[in-house]
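Notes follow the structure.
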Amino acid sequence: MFPMVTEFINYGQQTVRAARYIGQGFMITLSHANRLPVTIQYPYEKLITSERFRGRIHFEFDKCIACEVCVRVCPIDLPVVDWKLETDIRKKRLLNYSIDFGICIFCGNCVEYCPTNCLSMTEEYELSTYDRHELNYNQIALGRLPMSIIDDYTIRTILNLPEIKT
């Protein structure tokens, strides 16, 4: 008779434990139910990127001294720097500079180690094209500043995202 009572007690304890676990999961689900949605309607709404966002690289041709530091620090040797040595002044003259954003991993090493600060990261992240060869930007394309999301009147920017309470 006692084994039957202990089995009944164990069964009751297991039932209470299972109900508690189910209740904990249900409480977590309910705590997520009252949060605001995180999804945005992308083409019409855009998030304003943070100050340290690593987007498309901007290049200033006049500042570059063709030292090729950007090529040396790049993990994939990506920037293509063509230069010519001017014998009369014994300095390098930059002829062409290009970066293929189809290969770039946006690590930011080239921007960080550039001695003349001719490279900078922009907030532009919409680089998709139908042809991957269009992602190879030369110094003219790299020199264009992107249109700021804030200045575009057709897009509603989302400044303050709801904070996630933990």
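Heads up, residue numbers simply count up from 1 along the chain you see.
Using N, Cα and C of the backbone, Cβ positions are placed for all residues, glycine too.
Pulled from Swiss-Prot, these are the features on record:
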- 55-84: domain '4Fe-4S ferredoxin-type 1' (DOMAIN)
- CYS64, CYS67, CYS70, CYS114: [4Fe-4S] cluster 1 binding site (BINDING)
- CYS74, CYS104, CYS107, CYS110: [4Fe-4S] cluster 2 binding site (BINDING)
- 95-124: domain '4Fe-4S ferredoxin-type 2' (DOMAIN)
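With CYS70 ([4Fe-4S] cluster 1 binding site) as the anchor, the candidate binding-site residues are CYS104, CYS107, CYS110, and the one with the nearest CA is CYS110. When other Cβ atoms within 10 Å of the Cβ of CYS67 ([4Fe-4S] cluster 1 binding site) are tallied across all protein chains shown, the result is 17. Proximity of distant same-chain residues to the domain '4Fe-4S ferredoxin-type 1' (55-84), defined by a Cβ-Cβ separation under 8 Å and at least 6 residues beyond the stretch ends, is recorded for 49, 91-101, 103-107, 109-125, 127, 137, 139, 142-143, 145-146. Annotated [4Fe-4S] cluster 1 site CYS64, CYS67, CYS70, CYS114; additional same-chain residues within 8 Å of its Cβ mean position, judged by their own Cβ, are ILE65, ALA66, GLU68, VAL69, VAL81, CYS110, PRO115, THR116, CYS118, LEU119.
Using a 10 Å radius centred on the Cβ of CYS64 ([4Fe-4S] cluster 1 binding site) and all shown protein chains, the other Cβ atoms total 20. The DSSP secondary structure for CYS110 ([4Fe-4S] cluster 2 binding site) is helix. In terms of local Cβ density within 10 Å, CYS70 ranks first among the binding-site residues CYS70, CYS104, CYS107, CYS110, CYS114. Within 8 Å of the centroid defined by the CB atoms of CYS74, CYS104, CYS107, CYS110, the record's [4Fe-4S] cluster 2 site, lie the Cβ atoms of ILE57, CYS70, VAL73, PRO75, ILE76, LEU78, PRO79, ILE99, ILE105, PHE106, GLY108, ASN109, excluding the listed residues themselves. The two recorded residues, CYS67 ([4Fe-4S] cluster 1 binding site) and CYS74 ([4Fe-4S] cluster 2 binding site), show a Cα separation of 13 Å.
The average pLDDT for the domain '4Fe-4S ferredoxin-type 2' (95-124) in the predicted structure is 94.
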